[in-house]
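Report on one structure; see the data block that follows.
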Amino acid sequence: MTQQETRTSASTSYFDSTMTSTEEKTIVVSWEGDDDPENPRNWSRTQKWIVTGLISVNVMLLHISSTMIAPAARNVAIDLGSTTLIFEPLLTSIFFLGTVQLGNMFYIIFNLVCAFAKTPDQMLWFRFLAGIGGSAPLSLGVRVINSCWSGKDPNGPKHLYTLALLLAPIVGPIAGAWITMKTTWRWIFWTTSIASTLIQVGHFFWLRETFAPIILARKAKRLQNASGEEENVRYVTSNQQNPFNDSVYKFLLLYPVCLLVTEPIIQLTGIYLAYIYGLIYLILTSIPGIFVGVYHESIGIAGLHYIAFGIGLYGGAQIANAIQDNLYRRLSAHYGTDDCLEFRIPLMLPATLFVATGLFIVGWSVSSGVYWVVTDIGFVITGIGITVNWHTMQRYIMCTYAVRTSSALEGVSILRSVVAFALPLCSPSLYQNLGYGKGNTILAGLALGLGLLLISILWFFGAVFRRKIVWPESGSAQVATAARN
């Protein structure tokens with residue numbers, strides 16, 4: 001078979017043309033050069049910002065929905081007649097167990113149905129199903145944004161997305177607390193469902209497809225229909241022409257699991273990130289019990305203490321952004337090398353100490369009944385440590401796995417989601433049996449032990465693990481291209 005580059009009269013696009021033995025002409029559809037207007041990265045800035053805004057608001061609302069119920073969990077348990085100790089933390093954490101990408105509409109339906117739940121079992125099942133639906137935007141949001149913006153574009157879009165993620169765990173509980181105090185917890189689900197419906201309307205009118213294979217497949221179909229009676233001409237995409245490409249994408253679906261099972265770096269970072277992510281939701285579910293149960297504040301006032309934790313999370317993000325790359329460059333210059341990714345690891349040492357110290361302060365200040373400001377200071381310190389470690393580890397993973405960053409982070413997220421579901425379930429028994437002081441001392445000890453162990457292993461053996469990473473040999477170029485998309 002021969003291949004030649006052809007320009008058709010129907011389009012200015014470049015195609016690969018193949019003649020088979022039966023004289024059927026196959027034209028492979030691709031982008032019309034670097035400035036193809038159908039390529040999402042060539043859309044107008046207005047269109048790209050609309051997509052970024054819709055996705056960021058959608059993801060923020062889903063995170064708000066996951067945490068908004070935390071301060072109202074006690075009221076929900078009482079109204080639905082639940083006496084199970086783990087019902088309250090389960091009400092928040094079960095939202096994260098769903099992993100099937102069924103879409104935003106699925107979330108809206110079951111989130112709305114939560115408002116009409118009559119029994120604890122109904123509530124938990126509806127929350128679980130809402131989490132399944134919400135997993136689609138949560139999983140794909142950052143990919144949609146990356147499809148629109150290249151690395152040369154300003155960081156504003158990604159900062160907007162990150163800001164949405166940081167604000168959501170704070171805005172959600174505060175809003176949920178005041179809604180519960182002023183009306184009923186059922187309005188939490190009604191308001192989030194209404195807001196999600198409005199966002200869905202925005203999606204319908206302004207959100208366009210950003211996934212390149214689908215855009216090109218539609219283009220091929222459009223050209224095929226326009227070809228009229230040219231029955232011997234077939235327009236296809238590279239995926240449709242080459243069966244191997246389809247196997248590549250099927251492989252990529254399982255690749256995160258493969259990385260989690262086989263890669264020590266993913267396993268080690270995954271365990272630690274899972275633990276600190278679980279700590280976030282343990283803190284979110286324990287704040288109402290601390291400030292309502294111990295400090296005897298109203299649920300609305302208690303919700304304001306989420307601001308302290310939010311200050312820590314946001315402050316940690318700013319610290320990580322300001323120090324991380326600068327520290328890496330200085331260490332690289334000092335040691336005369338620029339390929340030692342482990343130079344990002346030292347920032348984790350003070351951050352790990354911050355996590356443990358903050359948890360210790362929170363636990364013993366509550367246990368001793370000291371002024372609530374001390375407890376809030378502990379939450380700020382914990383939040384700073386969590387976010388700095390989070391950013392450092394994510395950057396290390398991204399630099400290690402390069403074009404397979406998405407698969408690597410998804411492998412970590414598998415472990416992370418399970419622990420985020422399970423760890424808050426331990427808090428009622430932990431605090432009931434040991435109290436906040438001893439309970440948080442155990443959590444602080446685990447954070448310190450896991451953090452120092454991870455830092456030591458990656459510092460001394462990280463380079464060895466990276467050299468032993470096994471990349472797929474068969475069709476490696478196509479796998480890399482698919483991973484980039």
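Heads up, the Cβ atoms here are built off N, Cα and C, so glycines get one too.
Bear in mind that TrEMBL entries carry predicted annotations, made automatically and left uncurated.
Because the structure is a prediction, the values reported are computed rather than measured.
Same-chain residues lying 6+ beyond the ends of the transmembrane segment (49-70) with a Cβ under 8 Å from its Cβ atoms: 40, 43, 76, 91-92, 95-96, 104, 107, 111, 127, 130-131, 134, 137-138, 141, 144-145, 148-149, 157, 160-161, 163-165, 167-169, 171-173, 175-176, 179, 185, 188, 192, 195-196, 199, 202-203, 206-208, 210, 281, 284-285, 287-288. Taken from TrEMBL, the feature transmembrane segment covers 49-70 (among others).
Residues or ranges marked as transmembrane segment in TrEMBL: 90-117 (among others).
Here TrEMBL flags 124-145 (among others) as transmembrane segment.
Annotated transmembrane segment per TrEMBL: 160-180 (among others), in sequence order. Proximity of distant same-chain residues to the transmembrane segment (160-180), defined by a Cβ-Cβ separation under 8 Å and at least 6 residues beyond the stretch ends, is recorded for 52-53, 55-57, 59-72, 75, 141-142, 145, 187-188, 191, 280, 284, 287-288, 299-300, 302-304, 306-307, 309-310, 313-314, 317, 387.
What TrEMBL lists as transmembrane segment is 273-295 (among others).
Under the heading transmembrane segment, TrEMBL lists 301-323 (among others).
Counting residues 6+ beyond its ends, the transmembrane segment (343-364) has Cβ neighbours under 8 Å at 276, 279, 290, 312, 316, 320, 323-324, 327-328, 331-332, 335, 374-375, 377-386, 388-389, 392-393, 395-396, 399, 436-441, 443-445, 447-448, 451-452, 454-455, 458-459, 462 in the same chain. Annotation comment: TrEMBL describes 343-364 (among others) as transmembrane segment.
Long-range contacts of the transmembrane segment (370-390) within its own chain (CB-CB distance under 8 A, at least 6 residues past either end) are made by residues 166, 272-273, 276-277, 279-280, 283, 287, 290-291, 295, 305, 308-317, 319-320, 347-348, 350-363, 451. What TrEMBL records for 370-390 (among others) is transmembrane segment.
The transmembrane segment feature in TrEMBL is assigned to 411-430 (among others).
Positions annotated as transmembrane segment by TrEMBL: 442-465 (among others). Away from its own ends, the transmembrane segment (442-465) comes close to residues 263-265, 268-269, 271-272, 275-276, 279, 282, 340-342, 345-346, 348-349, 351-353, 355-357, 359-360, 363, 389, 396, 430, 434 of its chain (Cβ-Cβ under 8 Å, at least six residues beyond either end).
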